[in-house]
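Pulled from Swiss-Prot:
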BINDING   Arg18, Glu19, Trp20, Lys21, Lys112, Arg519, Cys520, Trp565, Glu609  5-methyltetrahydropteroyltri-L-glutamate binding site
BINDING   Ile435, Gly436, Ser437, Glu488, Asp603  L-methionine binding site
BINDING   Ile435, Gly436, Ser437, Glu488, Asp603  L-homocysteine binding site
BINDING   His645, Cys647, Glu669, Cys730  Zn(2+) binding site
ACT_SITE  His698  active site, proton donor
Amino acid sequence: MTNVKTSSLGFPRIGLNREWKKSLEAYWKGNTDRETFLKEMDEQFLAALQTQLDQQIDIIPVSDFTMYDHVLDTAVMFNWIPDRFKDINDPLDTYFAMARGTKDAVSSEMTKWFNTNYHYIVPEYEKGAQYRVTRNKPLQDYQRAKAALGTETKPVILGLYTFVALAKGYEQQDIKDIYNQMTPLYIQVLKELEQEGVKWVQIDEPALVTASPEEAAAVKEIYQTITEEVSELNILLQTYFDSVDAYEELISFPVAGIGLDFVHDKGKNFEHLKAHGFPKDKVLAAGILDGRNIWKANLEERLDLTLELIQRAGVDEVWIQPSNSLLHVPVAKHPGEHLADDLLNGLSFAKEKLLELTLLKNGLVSGKAAIQAEIDEAHGHLQDLKQYGAATNSAFAEERGKLTEEDFKRPTAFEERLRIQNDSLGLPLLPTTTIGSFPQTADVRSARQKWRKKEWSDEQYEAFIQEETKKWIDIQEDLGLDVLVHGEFERTDMVEYFGEKLGGFAFTKYAWVQSYGSRCVRPPVIYGDVEFKEPMTVKETVYAQSLTSKKVKGMLTGPVTILNWSFARYDLPRKEIAFQIACALRKEVEALEKAGIQIIQVDEPALREGLPLKERDWDEYLKWAAEAFRLSTSSVEDTTQIHTHMCYSNFEDIVDAIEDLDADVITIEHSRSHGGFLDYLEQHPYLKGLGLGVYDIHSPRVPSSDEMLTIIEDALKVCPADRFWVNPDCGLKTRQPEETIAALKNMVEAAKQARGKLAQTV
């Protein structure tokens with residue numbers, strides 16, 4: 001008889017009411033002292049554990065909780081602290097400086113965590129650095145949990161292979177030296193856990209899903225060394241987000257258990273298990289519930305899958321768990337949520353997913369009959385959800401059938417469009433602009449709340465938005481920016497705003513997830529066909545344009561980003577959902593153009609994050625992603641300039657796809673890449689319009705004009721000056737007005753100096 005246990009890989013940090021976010025931001029602003037802040041963090045750490053205990057989960061993780069980011073935690077634990085922060089003597093100040101920067105030191109780079117919408121702080125390797133264990137965070141967290149709750153937990157550590165794969169600053173020939181230097185440090189951390197009496201530790205190695213057999217063999221040597229030194233501690237080697245290509249090598253690792261994703265593996269992990277078996281002396285930790293989407297599980301289907309897994313594996317012990325950490329879904333259904341019952345009953349957040357695991361364990365141990373009532377209830381809820389979505393599933397089929405090849409491309413080549421647009425727009429060399437949003441101050445947020453609570457009328461709220469828009473149009477003109485934006489004061493979120501105005505979307509009030517640091521988002525829920533209802537941005541954009549003789553950009557979010565930043569329906573291919581969104585946006589683009597807007601920006605910051613983890617799957621995704629963008633934008637006249645924006649990505653992977661978008665101008669987050677993208681452009685020139693961010697908007701630091709001039713001049717060594725734009729990294733929504741104005745003033749001055757130097761060379 002196989003012993004079945006429930007396990008959690010990780011739990012959301014932010015709290016049901018975003019208590020974590022509020023504590024962080026109050027501390028950063030100086031509104032709470034350190035003692036209060038640390039006390040609040042400890043309370044939230046314990047609350048997350050208690051929630052998992054309350055769902056009767058057998059094996060609960062610790063050390064997944066963090067004060068900013070778990071990758072940053074790992075870097076700091078092993079003293080991967082860049083030299084520019086070494087003069088900061090306080091450990092907590094150093095930690096936050098690496099994440100957020102200081103007036104003297106730029107923050108570490110931030111990028112996507114695999115193909116999710118979570119962002120991690122990129123570890124920086126520095127040759128000759130003395131790495132050491134600064135503190136054993138997993139041990140401290142284990143001790144805190146045991147002392148406060150009296151329970152055994154499973155410390156979670158980011159594995160060495162994945163940590164190095166996520167880092168930057170090293171050459172290929174450095175990797176062996178890094179492993180040799182870091183392996184004893186991992187052993188030290190694990191040895192201390194072993195001495196404390198810890199029974200299990202979860203070592204996360206998601207990067208192993210893309211490892212070749214040769215790479216996996218090298219990683220196996222690391223674990224051989226570790227387990228020889230730490231023989232009494234049970235190690236669970238955890239993978240997720242896809243299947244493991246080097247499966248045969250993986251199952252030979254000298255560890256006590258292996259975690260596999262049986263949700264996002266496209267069936268491959270199960271195929272591997274059936275073909276090659278599973279070691280009888282290891283625990284199989286089976287990811288059977290979707291940890292990245294919010295739909296209620298089909299309990300009967302999941303039960304049948306798990307029974308077959310148990311039968312095929314033939315092991316003594318199986319852990320059933322989510323496919324990955326529940327970091328990527330909301331904490332729990334909030335009692336104040338306002339969704340229709342048929343939709344709400346079809347959803348399952350982190351807390352509910354753990355309850356589903358407990359139900360499944362009961363079914364596995366006591367038989368299906370023991371949970372038949374719950375199976376029937378879940379089936380009924382899923383049927384109700386399907387019927388709820390079906391109410392919108394009518395309009396798109398006819399429109400999809402009418403699409404032709406011509407709808408997916410602009411009729412005129414870029415070089416000719418560039419000539420026409422240069423004549424039409426009359427912009428200076430190195431035009432300056434921003435990415436779209438301006439600071440959403442307390443006044444802006446308060447006005448929105450008053451409007452939503454019906455304390456303000458629509459007319460009052462619109463008057464306020466127009467007042468803010470006019471204020472920032474005037475500020476932009478005073479600063480000397482060349483292409484202006486209306487500021488997006490009416491928008492809470494760049495996806496939510498559009499989804500609220502399109503058919504097929506639903507929005508929650510409390511279903512928050514962490515994006516980066518304290519930044520939380522409420523992803524829309526796509527439950528039916530997406531449908532254009534009426535213009536969404538025309539009124540605000542046209543009003544802004546009426547206030548200035550300079551060009552004002554229309555600002556839209558692209559179809560792939562809306563898809564990737566939403567919880568998407570599970571009954572349609574993602575490509576088809578993207579095309580539905582694209583058709584709706586196409587109508588909005590046409591409405592903006594008809595209203596006289598000559599520059600329209602369709603942002604795709606999330607294009608790369610949807611990239612499959614395995615390179616062999618990239619072409620298919622990138623093909624339809626580019627098609628969806630072009631479907632949104634290709635119906636405009638040659639005089640209309642299409643911009644797009646991307647952020648937080650390794651762009652080298654997708655340059656061909658960026659070219660395939662056929663946008664006239666692309667602006668890209670650049671300042672945190674520390675010059676890496678320029679090195680790529682030197683070898684692979686990009687000849688369409690390009691704006692590389694000249695300062696980091698995620699940090700309160702205001703860089704000097706000289707710093708920005710250096711970035712511009714470096715960029716002009718590899719980018720044609722006649723098609724280069726000057727802009728910040730991203731939107732300025734989260735910054736304060738004073739620092740925004742100061743930074744933009746320096747940016748405009750840097751552009752003027754660069755133009756002057758170019759004029760002298762002509």
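Placement of Cβ uses the backbone N, Cα and C atoms for every residue, glycine included.
Source: prediction; values computed, not measured.
Features recorded in Swiss-Prot, as mapped to the structure shown.
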residue	record	DSSP class
Trp20	5-methyltetrahydropteroyltri-L-glutamate binding site	helix
Lys112	5-methyltetrahydropteroyltri-L-glutamate binding site	strand
Ile435	L-methionine binding site	coil
Cys520	5-methyltetrahydropteroyltri-L-glutamate binding site	strand
Asp603	L-methionine binding site	strand
Glu609	5-methyltetrahydropteroyltri-L-glutamate binding site	helix
His645	Zn(2+) binding site	strand
His698	active site, proton donor	coil
Recorded positions: Arg18, Lys112, His645, His698 - member with fewest neighbouring CB atoms within 10 Å: Arg18
Taking residues Arg18, Glu19, Trp20, Lys21, Lys112, Arg519, Cys520, Trp565, Glu609, which bind 5-methyltetrahydropteroyltri-L-glutamate in the record, the widest Cα spacing (Å, whole number): 27
Among the L-methionine-binding set Ile435, Gly436, Ser437, Glu488, Asp603, as the record gives it, the longest Cα-Cα distance in Å: 13
Neighbourhood of Ser437 (L-methionine binding site), C-beta criterion under 8 angstroms, separation at least six: Val485, Gly487, Glu488, Arg491, Met494, Gly731, Leu732, Lys733
Cα distance (Å, whole number) from Lys112 (5-methyltetrahydropteroyltri-L-glutamate binding site) to Cys730 (Zn(2+) binding site): 15
Cα distance (Å, whole number) from Glu669 (Zn(2+) binding site) to Glu609 (5-methyltetrahydropteroyltri-L-glutamate binding site): 14
From binding-site residues Ile435, Gly436, Asp603, His645, Cys647, the one whose Cα lies nearest Lys112 (5-methyltetrahydropteroyltri-L-glutamate binding site): Cys647
Cβ neighbour count within 10 Å of Gly436 (L-methionine binding site): 25
Cα-nearest neighbour of Ile435 (L-methionine binding site) within the listed binding-site residues, Trp20, Cys520, His645, Cys647: His645
Spatial neighbour of Gly436 (L-methionine binding site) that is closest, considering only the binding-site residues Arg18, His645, Glu669 and their CA atoms: His645
Among Cys647, Glu669, His698, which are recorded as recorded positions, the nearest neighbour of Trp20 (5-methyltetrahydropteroyltri-L-glutamate binding site) by Cα: His698
When distances run from the Cα of Asp603 (L-methionine binding site) to each of the recorded positions Arg18, His645, Cys647, His698, the nearest one: His645
Chain-internal residues, separated by at least six, CB under 8 A from Cys647 (Zn(2+) binding site): Pro605, Ile668, Glu669, Asp729, Cys730
Sparsest-packed among the binding-site residues, when each Cβ's other Cβ atoms within 10 Å are tallied, from Ile435, Cys520, Cys730: Cys520
Residue from Arg18, Cys520, His645 whose C-alpha is spatially nearest that of His698 (active site, proton donor), among the binding-site residues: Cys520
Residue pair His645 (Zn(2+) binding site), Cys520 (5-methyltetrahydropteroyltri-L-glutamate binding site) - Cα distance, angstrom, rounded: 21
Coarse DSSP state, helix versus strand versus coil, of Cys730 (Zn(2+) binding site): coil
